[in-house]
Structure formats: C-alpha cells, structure tokens
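As recorded in TrEMBL, the features of this protein are as follows:
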DOMAIN    A:2-116  domain 'Response regulatory'
MOD_RES   A:D51  4-aspartylphosphate
DOMAIN    A:124-218  domain 'OmpR/PhoB-type'
DNA_BIND  A:124-218  DNA-binding region
Amino acid sequence: MRILLVEDDSLLGDGIRAGLKLADYAVDWVRDGEAARLALLDHAYQACVLDLGLPKRDGVAVLKDLRQRGNHLPVLILTARDSSADKIAGLDAGADDYLTKPFDLLELQARLRALIRRARGSATPTLEHAGVVLEPATKRVTRDGKPVTLSAREYALLHDLLSHQTHIRTRSQLEESLYAWGEETGSNTVEVYVHHLRRKLGADFIRTVRGLGYQLGDSA
Amino acid sequence: MVKGSSGVQSLRWRLLSTVCIAALLGLGLSGALTYRKAQQEAEELMDGHLAQTARLLLALVRDNESHLADLATRLATVRSDRASHYDPPLEFQIRRADGSLLLRSEHPPDTPLSASPGYTVIEHDGHRWRMLTLTLNEASGDYRVQVGQSIRLRDRAALEVATQSVVPIALMSPVLLLLIYYSVRRGLQPLDDLAAEVASRSPENLKPLASGNAPLEVQPLLAALNRLIFRLRGTLESERRFTADAAHELRTPLAVVKIQAQVAQLSGNADDRQHALAQIVAGADRATRVLEQLLRLARLDPLARLPNPGEIDLTALARQAVADTAPTREAGVIRLQVSDSPLLVRGDGELLQIALRNLLDNAVRYTPPDSTITVFARRHDGALSLGVIDDGRGVPPDELPRLVERFYRGCEPSAEGSGLGLAITQRIAELHEARFEVENLAGGGFEARLCWGRTWAA
C-alpha cells in the first residue's frame, strides 16, 4: 500500500515516513504543496497524510484541488493548530480525518487503516478470501485458521489483491502499490512475490489473467 | 450614590448639591424680599387707613361741633373690640388749635398734640403706638386730630400678610428640589447606561460601544473608549496569534520527539533505531532553541528602553561573532570586514551579539554550504552599521517585508529555524534606536544590517 506524505518539516517528515514504513506502507514524501499536487496527479495512493501549513501551496488548497477533480483518496490532516476553526476548515475542504501534533504513531497507523478500510467500502477490519484472513491491525494472516508467515512485500501484495477482490490488477498497478519512489523494482519482482504467495496460500489463490495482470482466484 | 468610596466625588451628587443650593438660595432670597416688601406694603396700607380715619374724624367734628357729646358715644364704636390683625383698635383725640379737647376715644395717649403734623411713634399703655397728627385750618377755627394704632398689632398684621405671600414659595421648594433631583437623574442616565454596558461586558466582547443615542457630551468619552477597545483588540489579536504560533512551533519538535521515539521502540533494525534516536536529539535541540527564542522575545517585548546601556565597540562584536561561528561551519568561508578604528555605540553588548548571531545563523542556514559569508562593522557617510552579507540567492522581493514577522520562515521547505531570529533582531534594533534593514544585493547575495543613522561615537 502506497501512501503520500506531505510534510515540510524534515525531522517530522522523516519520523512519520519511518513510522509508516514500520507498518509496511510504501511512503512517498513530498515537502511542499506544489509537489503534493503533482504527486497526486501522477500516482495512485491508498491514502494521503497531509500537513496544513505548507510552503508554496497551502494544505487546504491541495485538498480542495484533489476533491475538485473527483478524487476520493482518503486524506488525513496533520495540524499543529488545535483550534476548532482549523479542523473545521480542513474537514470541510474534504479531509476524512485529522490528528493534532504531537500525535501517537500507533494512532496514526490505526486511523490510516480505518480510512483505507472505509474507502474500500468495508466496515469489517479484516480482509478475507477463500479461507485466507488478513488482519491489517496486527498484520496477521491465517489460512484456514492456521497462521501464515509472510514477508513485508508479500503481505503488501496480498493486502492489495484482497483490497481489490473482483478487480484485475496490472503489474504496474501492483508495483506502484508496493514501492515508494526511489525503491528500485526488479523486472520480475511482482512475479516473484506472486509465486511466493501461491506457494504459501495455494496455487489457485491468485489467478494470472494473461496479458493483463493478476486477480484473486475463485472462492473454493 | 452620594459619594464614591475613596473620596471620589460623584458627578450626580455635585450637580444635585450645587443646583439645589442655588435653587434654595434663590428661593430664600426671593422669599426674604417678598417678605420685606409685603411688610412694607402692609404698613403703608395701614398708614393710609390712619390718614383716612383722621380726615374722616376731622370732617365729622367740623360739621358736628354743636353736638359733639353725642358724636363721642357713637364714635366709641369706631374703636374696634374685635382685636383682629386687620382691624386693630384705634385711639384718637381731636382738639382745637388752642389745645381744648373736642373729642377723644376712651384711652387716647395723653401726650400733648404736637404742632407738627405727621407720623410719630410713642410709648402708650405699655406698648408702642404709631400716631398720625393732622391739622385742619379753616375759617371757623383750627382743628388737630391725632389717630393711633398699636404697633404690635400692626406688626402682627403685616407679618401675617408677608407670611402669606412667602408660603407659596416655601411650599414650592420641595417640589422644586424633587424636580431637580429627577432632572439630574434623567440627565445623567446616558452615563449610567454607558457604565452599565461597559460593566456587563465580558473580556472577550471587544465590539465597539454603540454611540447612537449618547448625548453630545458623552460622545468624546465614547470615542476614546472605542479607540481603546480597538487598540486592545489589536493587541489581543496579535497575542492570540503569537500564542498559536508559539504552540505550533513547540508542537512540531515535540511531535518529532514522540514519533521518532516510537519508531525507535518499534523498529527491529538497529540502524533505523540509531537514526531515530539521532532525530530525537535533533528534535529536542530544536524545541530548546524555539523555547530560548520565545523566552528572549518575551523578555525583550515589554522593555521600553535598554536596562543598562554601555559603550559598545561594533568591530569587537563582529570579530567575536566570527570567532564563535567559524569552528562549527563545516564548509564555506566566513569573512570579517571591520574598520580599523573602534565604532562605538551606546547599547547592550549581549543583545547586539544575539542580534548579530541571528543574522549570521540565517545566512548560514539559507545559503549553500560553499558560499561566502561576510560579517561587517563599518562607518559609511556618518552612519554606523553592523551586519552580515552572503553571496547566496537572496530573498524573493515579496518576502522581504515579511522577514521580521514572527514565525515567518519563508517558502524554503528546508528552513528549520524558529522563525523568530529576525523578529528578535528587529526588536533589539528598536531598543538601540537603530534601523534593521535587509536587501538583495545587485550582484546577487543578501545583506542584513543594524544601522545607526547618527553616531554616538566619540
């Protein structure tokens, strides 16, 4: 899962990126409003963590711009101003949630999980398909009740596929979801992780759609 | 309502007392005059009566000289027995010019009839009497008549008349006082209303006071109050903004410390942990710096003038600043450019050092690592200046005026300062009656300086 982090403070941005990486998110970090606008135009993210006081382009302006284009990306606002007026302005501009600095990393992670889950249109905190259950909060994966151990990339790939149950996911979509900027992807890494997942979850769990990409197999 | 505590005079009480005293004085004076006048009129009226009676008696005696004895008994009834003030008992005697008695009342004064006609006052029967003597010279002979009234009774009548004329005035005075009281109260009502409105206000309510139906005299007070409210609102607004900004500036490094600490706790990777710990230290450093700057500004803000200024050599300050900074500068050059002779100003050396260090920090922070920074102290056209020049990219022209705004950090995302340095420098310049000037240099680069237009130098 790829997340856009917009934070102008280098120390704080560094911390949030590290914290989100711990939750196996791929994090793109930009430091001003203009860069945020461009990143949001060019890439598909699962969520955006947006600071409000930004150079070049205010966070609220970035948000309004995003919503005007009809983009429903879950956006969590980070603000150091705790006045209601600031929160109201942010929420009214189209934010889904906010956190006031200083905040708890675990809370940020939980809120992002909830936002991503709701954006998927699901109220249950777990993702399920063909006896495989993924709990985003604990990152636990079970197959028929038995725990399955996955690497961070394998987990991210499984999460992506489970989040788009009926969709066909192209290789580039999956790559974009798995990797942040600057993380070089090998030519066939997605295939490698699909292969690993099939080995751990069953050969039919992921179906190859020739010439297009991958999809979850039929429920057994 | 009478008098405020601590001896402050109430306007209402002053108005009431002065107007009431004036009214009572006026009433008393007019009462006294009326009393006097009424008394005089009564006296004159009764003297008139005396004269009329005397003439009547003379006429009667002259025409009835033949049977005066009958007349005497009849005339006895003239002397009133009903002792009313307005009808005082009358005594009289009528004689011929030779002194022979013609007619008299029962107890006339036994003074001889004096030859001179007119009013006299005599003692008779234990009382004082008002007497009128008249003479009649005719062919048939001369007559003299004397008519008298008791002054005591006359006075009582006069008193009665005078008192009656003063009574309405006396009755009117309480009504007048009441009217005065209500007029003063009504007149001062707008002041009471204004006081009530101001008193009922909460400190948050800084809307201007409505001046709609306030009287002309209260308008200047209202205008002054509203000006004060306006200034107060400005001050409060900037205080509020400052507090919000200060909170923001402290929250961000705290957020850094917290999140990096959690990363260090949660991360399984030793390198990541070390990195996070280093970031915590940096965050704590920044919080410390922001706090220091905030406290410094808070201490400088209320100062009206420098506490204990001394003679400061600007060249020494510049030298010191370069010496302090150079060892920590990783790359690039810091140069010193000072005149040979000392440049003296009156001021606070420590504060000027802080100001210069802020300028130097800014130059270091906002220029590429390999740029040249020059600290200077110079005299030019009689003006002294102390400042820093760099050969960096300068500041966008539209940002120049905002540099001294508190917490303004420019649009550089890499800016890590507190945003207070130049605000502090500006404040220090103000305290030194110096100008704080910033400009982009024509050949590229940026100069910031404190400038003394006139020198205090020896």
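Each position is counted from 1, following the chain as shown.
For all residues, glycine too, the Cβ spot is worked out from N, Cα and C.
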Let me check the 10 A CB neighbour count of the residue listed as '4-aspartylphosphate'. How many other CB atoms are there?
25
Could you tell me which three-state DSSP class the residue listed as '4-aspartylphosphate' falls into?
strand
Within the predicted model, mean pLDDT of the domain 'OmpR/PhoB-type' (A:124-218):
85
